[in-house]
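Going by TrEMBL, these are the annotated features:
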- 9-119: domain 'Response regulatory' (DOMAIN)
- D59: 4-aspartylphosphate (MOD_RES)
Amino acid sequence: MGDELAGKRILVLEDEFYIASDIDRALRGAGGTVVGPFAQVAEGLASIESETIDAAVLDVNLQDESTHALADKLADMRVACLFVTGYDKDWVARRHGDVPCLTKPVRAQTVVKRLGELLGR
């Protein structure tokens, strides 16, 4: 692993433990600082109020709760977002057409690569 994400603070919202752990490990391995991972939208909302965030990796649904409102807030803050979801990409694009989306299952290294691209690395 390298330093593709060195100095970047990345919010992770994912309610599937093993996926969250894989993403967390890959982001840290690429030099990123992980905020989370969180399994509840309220935790993510609280974190963006108290922490500086450079990018976010969001599952679309966390325990039957949509992350759309959080994604909207992050967009208003001009924070780069990446959806990682089991839902159809077209469904995500209807609400957040400009936000890239990876479909599960996805390799954690693919998440790192895509975030690096979003952050201009």
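Cβ atoms here come from the backbone N, Cα and C positions, even for glycine.
The average pLDDT for the domain 'Response regulatory' (9-119) in the predicted structure is 93. Under DSSP, D59 (4-aspartylphosphate) is assigned to coil, being neither helix nor strand in the three-state scheme.
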